[in-house]
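Some notes on the structure that comes next.
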Amino acid sequence: MGSSGFNWKLADHPKLPKGKTVGLIVLDGWGEANPDQYNCIHVAETPVMDSFKKGAPERWRLVRAHGTAVGLPTEDDMGNSEVGHNALGAGRIFAQGAKLVDSALETGKIYEGEGFKYIKESFPTNTFHLIGLLSDGGVHSRLDQLLLLIKGASERGAKRIRVHVLTDGRDVLDGSSVGFAETLENYLAQLRETGVDAQIASGGGRMYVTMDRYENDWGVVKRGWDAQVLGEAPHKFRNAVEAIKTLRQEPNTSDQYLPPFVIVDENGKPVGPIVDGDAVVTFNFRADRMVMIAKALEYADFDKFDRVRFPKIRYAGMLQYDGELKLPNKYLVEPPEIDRTSGEYLTYNGVRTFACSETVKFGHVTFFWNGNRSGYFNPQMEEYVEIPSDSGITFNVQPKMKAVEIAEKARDAILSKKFEQVRVNLPNSDMVGHTGDIEATVVACKAADEAVKIIIDAIEQVGGIYVVTADHGNAEDMVKRNKKGQPLLDKNGNIQILTSHTLQPVPIAIGGPGLAPGVQFRKDVPNGGLANVAATVMNLHGFEAPADYETTLIEVVDN
C-alpha cells in the first residue's frame, strides 16, 4: 500500500475536524451556461441544484473543466469524462490527448511501446495502413503528427504504406482539405524516391465516412469500411488531390460531406485495400469519433453491418479510445502515468470509501478517479458498486437511467456509517445529452437533481458534508451557435442540435451540517479547475493536501 519513497501520511488540517462523512457527487455533463430554451439544466426542474447556487453564494462557484485545466493542449479542447475524472481524483494536471502524442513522438517513446512493436511485426511482408482525419485543426488529429508517424514507421522497416484520409472542414476552414492532401502527397512522393511504396489509398468527408460517434449512424462507418477494407467506393480516382477537387464541385458537397472514394492504379485496381496480415493504425488522438471504427476493426463478433470480410490484422489506436471497454486492445501512446491519487492517500490515512455508478460511468468514478488504475488500493477499506446500465436502447428512451438506484446505494452506504467518503457519478445529463433529444435531456436533468436530494438528505441525517460538482459541460447547451451566440439553422430552417460536450465551466457546491463554521470558497483562485477539487475534499476530510497538489478552493474564516 503506497509507493516506496513517499510519505503517505497526510498532515491534519489545523481548523477542520476529521471523521465526517463526505458525500461526493459528480453530475456528468452538467455545465453552466446562459439560460435559454436550449439549456436543458435551466429548463428542467432542478430545485436542489438551484438551492445551492442561490442559498449560500460563498459555498457555490464555477471551476474550469476543459482545455489546459484538464491537461488538454488548448482552450478550444472540450473536456471529457476520462480527463475530468483523472483531474478530480489526481489533484494535479497531467498531459492528455495531443500533448501525450507530441511528447511520445518527440522522445521516440512511441516506437518503444508494446503497440508499435505489435504493428511492426507486419512491416517486413505486409502493408501499414493509417486511417484518420487529415487536418491541422488539433481537435481530433494533426497533420504534423501523421507525417512524423509515417516517417518513423518508414525508418523502422515499413516498406509499403497506405493512408486512408478523412477530410475535415469542421475544425478548419471548408476547402482546406485540398492543401492538406497536397502536403501529404508531396511527402509520400519524397518517400517513394527512397524506395518506400507510400500512397493515399482512399478518402471521404468526416461526417459521411468513418467518423460517426455514439452509434448514431453505422452507415457512416460502413462507407469507410467499404473503401478502406474492401477497396469499393462509388468514385475512383488516380490520386487524392484530383479526387477532392473533383468531388468538391458536386452540388451540396463540402469537405465534411465528401462521398467516399478509392485510389486505383492504371488498371483500375484499388491501390490499398486492407487484407490479412496488414497493420492498421487509427491516428486520431481524440476518442469519440474513433470508437465505432475501432469496434469494426477489432471485434470478431460484430453485427452492426455486414463487413463482407474481416481481415486478420494487427490493429492499434493512437491512444486507447475507451478505457472501460479496453478499446482498442493495442495503442501506440500510453495514458498519462498518474501516481499518488487522492483516493490512495485517503485510503492510506484511514478514510473508508464507497464508490458507485452505473455501467457507463462506473469506470470514471473508480478506474479514472484512481489514475487509470484498476481494482482497490485496500479491499478492507473500499467498496465499489456497479449498477448495470440499460442495454439495447438509446439513453433518451429511459432518460432517468439508474439515477435513483445509484442514489439509494449511496444513501444506504451513508446511513450505514461504514464509510467516510461516499462517491458517485450520476450520468444522466451527459449520456442523454449526447442523444441530442432536448425533451429527454430535460427529464434526465430533473432525475439527476432528484437523485442529489436523496443523497443530501442522508448526509443531513448523519451530520455529514456534501460536495456536488461535475466533470464537463453538455446538457447546458444543446444547439450549435454562431459567433454571436445565436442558434445555427440547417438548410430547412431547423436548429442544428449539439450533441457534444462543451467548453463551459461546471459548478461546485459544498455544505451540510458537518461543515465547520467559517468554511467558504477562496476568492484568490479565480481560475480554479477540476484538479483543485481533490485538495478541497482532502481538507473536508480533515487533512492537508500534499504540497504538489493544485491548491484547495476553500478557506476557514474565523467568525
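Just so you know, glycine gets a Cβ as well, placed from its N, Cα and C.
As the structure is a computational prediction, the values presented were derived from the model and not from experiment.
Same-chain residues at least 6 positions away in sequence with a Cβ under 8 Å from that of S81 (active site, phosphoserine intermediate) are, in sequence order, D28, G29, K361, H364, F368, D430, D471, H472. If you look up TrEMBL, you'll see S81 marked as active site, phosphoserine intermediate.
For D28, S81, D471, H472, the entry in TrEMBL reads Mn(2+) 2 binding site.
The substrate binding site feature in TrEMBL is assigned to H140, R170, D171, R206, R213, R286, A287, D288, R289, K361. Taking a C-beta cut-off of under 8 angstroms and a sequence separation of 6 or more, H140 (substrate binding site) has the following same-chain neighbours: G132, L133, D171, M211, N284, F285, R286, R289.
A 10 Å cutoff on Cβ-Cβ distances gives H501 (Mn(2+) 1 binding site) a total of 25 other Cβ atoms nearby, all chains included. Feature annotation from TrEMBL assigns Mn(2+) 1 binding site to D430, H434, H501.
Sequence annotations record features per position, and here TrEMBL assigns domain 'Metalloenzyme' to 20-544. If you average pLDDT over the domain 'Metalloenzyme' (20-544) in this model, you get 95.
Positions annotated as domain 'BPG-independent PGAM N-terminal' by TrEMBL: 101-322.
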* For the binding-site residues D28, D171, D430, D471, which one has its C-beta crowded by the most other C-beta atoms within 10 angstroms? -> D471
* Asked: Given H434 (Mn(2+) 1 binding site) and R213 (substrate binding site), what distance in Å do their CA atoms have, once rounded to a whole number?
  -> 10
* Return the residue, from the listed binding-site residues R213, H434, H472, with the maximum count of other C-beta atoms within 10 angstroms of its C-beta. => H472
* What number of additional C-beta atoms lies within 10 angstroms of the C-beta atom of A287 (substrate binding site)? -> 21
* Asked: Other than its own, how many Cβ atoms are within 10 Å of the Cβ belonging to R289 (substrate binding site)?
  -> 25
